[in-house]
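These features come from TrEMBL:
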TRANSMEM  12-32  transmembrane segment
TRANSMEM  44-62  transmembrane segment
TRANSMEM  68-87  transmembrane segment
TRANSMEM  94-113  transmembrane segment
Amino acid sequence: MNVKNIIGLVEKLFLIIIAIFTIAAMGQEIFSLINNRRVELQDLLLMFIYAEVLGMLAAFYSSHRIPITIPLFIAMTALSRLIILQGKDGNPAILLYESGAIIMIAGACWIISRANSVKDNE
């Protein structure tokens, strides 16, 4: 067995572990929501992050590559959740920085999608 095969096996093992832990975290979050009898926007965003991680793993297994936009979507969702968790009492400058980061990531997604559409049309 060569080094490339070993690295591939380790990669697949870690992706399976990530999937198991993501599903476990989703289960814990659902259990917590049921116990609290309350669902807030930050809970939905966290569940969306879990779903995006599973989607990224599914994309990897179907195409053996991860589209760069999926981690960028996860980052935008995580930043949105962070802004919501900080609430109104946070420093306005930090809110601007975080919002600017979301806009920059969204711009990167737009540029990537435009580049991919140009490449597909050629």
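In case you wondered, yes, glycine gets a Cβ from its N, Cα and C as well.
Curation does not apply to TrEMBL; its annotations are automatic.
Away from its own ends, the transmembrane segment (12-32) comes close to residues 43, 46-47, 50, 53-54, 57, 60-61 of its chain (Cβ-Cβ under 8 Å, at least six residues beyond either end). Proximity of distant same-chain residues to the transmembrane segment (44-62), defined by a Cβ-Cβ separation under 8 Å and at least 6 residues beyond the stretch ends, is recorded for 15, 18-19, 22-23, 25-26, 29-30, 70-71, 73-74, 77-78, 80-81, 84.
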